[in-house]
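TrEMBL annotations:
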- 6-24: transmembrane segment (TRANSMEM)
- 66-107: domain '4Fe-4S ferredoxin-type' (DOMAIN)
- 66-85: transmembrane segment (TRANSMEM)
- 121-143: transmembrane segment (TRANSMEM)
- 155-179: transmembrane segment (TRANSMEM)
- 171-198: domain '4Fe-4S ferredoxin-type' (DOMAIN)
Amino acid sequence: MKIKVLRRIIQALSILLIIAIPILNKKGISILVGSLYSLSVDGLWITDPLSGFQVILSTLSADSTILISMLIPVILALIFGRVFCSWICPQNTISEISDYLSRKISFKRVINLSPRSLPRYIILVVSLILVPIIGFPVANLISAPGIISVQISKYIYEGTVGLEVGLIGTIIISEVFLFRRLWCNYICPVGSFLGIFRLKRTMKVVYREDAEHLCGKCMECVKACQLSLNPMGGKIYPLCHNCGDCIAACEEIKDKGKPLSFKF
């Protein structure tokens with residue numbers, strides 16, 4: 001199965017799961033409980049590492065339960081990189097749809113900036129510094145995936161949503177009219193924190209050109225990247241979230257001997 005098709009299937013299933021959980025819970029079925037901040041799968045808790053770390057900072061104690069619940073997403077990031085961001089995160093899916101629509105209507109965005117990781121890490125560090133000071137998980141206030149999952153649940157249970165959806169609306173409007181992929185490239189604290197869990201052998205996009213892997217410099221891989229990265233340049237991490245779109249674009253041009261691929 002092609003990378004892009006597989007990713008689309010997982011993205012769709014992730015959205016359906018976020019919607020299904022509160023529906024099932026409302027009917028008394030509680031095998032799955034929670035949100036993208038923290039989710040219980042038949043009693044096994046899986047916690048967003050950033051949310052878990054904020055609990056540790058706010059309580060100034062590292063409870064074994066919270067540490068264990070953070071293991072699965074941390075291990076996933078250490079092995080496959082930030083695939084949560086590109087394959088599961090509902091905000092990324094929404095942003096991809098917004099980007100597609102923007103291109104379809106040929107709308108030229110007002111501001112064109114090169115992607116940078118520094119603003120994201122400044123936001124992350126400031127948020128984490130504030131946590132022990134005020135005793136509140138500040139970064140959760142701007143955790144788009146967490147907000148989306150909680151607000152969907154709130155709507156299903158109560159028929160209404162909170163003011164937090166204003167952030168999601170602002171992201172969509174900003175990305176359609178102002179900055180391409182503003183949230184993922186410049187702000188998202190969840191992606192920034194997951195990007196910390198990276199090893200030398202973590203899965204990555206590699207560019208290899210030799211006698212068996214010839215590159216025609218068509219630039220289709222660059223055009224395919226929604227984060228405006230150039231995989232041929234090699235310096236795409238920590239911004240790259242391993243969506244595989246550049247590899248898929250390369251496969252369309254070269255079925256065999258493609259210069260781009262995933263590698264551990």
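Quick reminder: no glycine exception, Cβ is built from N, Cα and C everywhere.
Residues 30-36, 39, 86-90, 92-93, 148-149, 152-153, 156-157, 243-244 of the same chain lie 6 or more positions beyond the ends of the transmembrane segment (6-24) yet place their CB under 8 Å from a CB of it. Mean model confidence for the domain '4Fe-4S ferredoxin-type' (171-198) is a pLDDT of 91. Helix, strand and coil content of the domain '4Fe-4S ferredoxin-type' (171-198), in residues and according to DSSP, is 19 helix, 0 strand, 9 coil.
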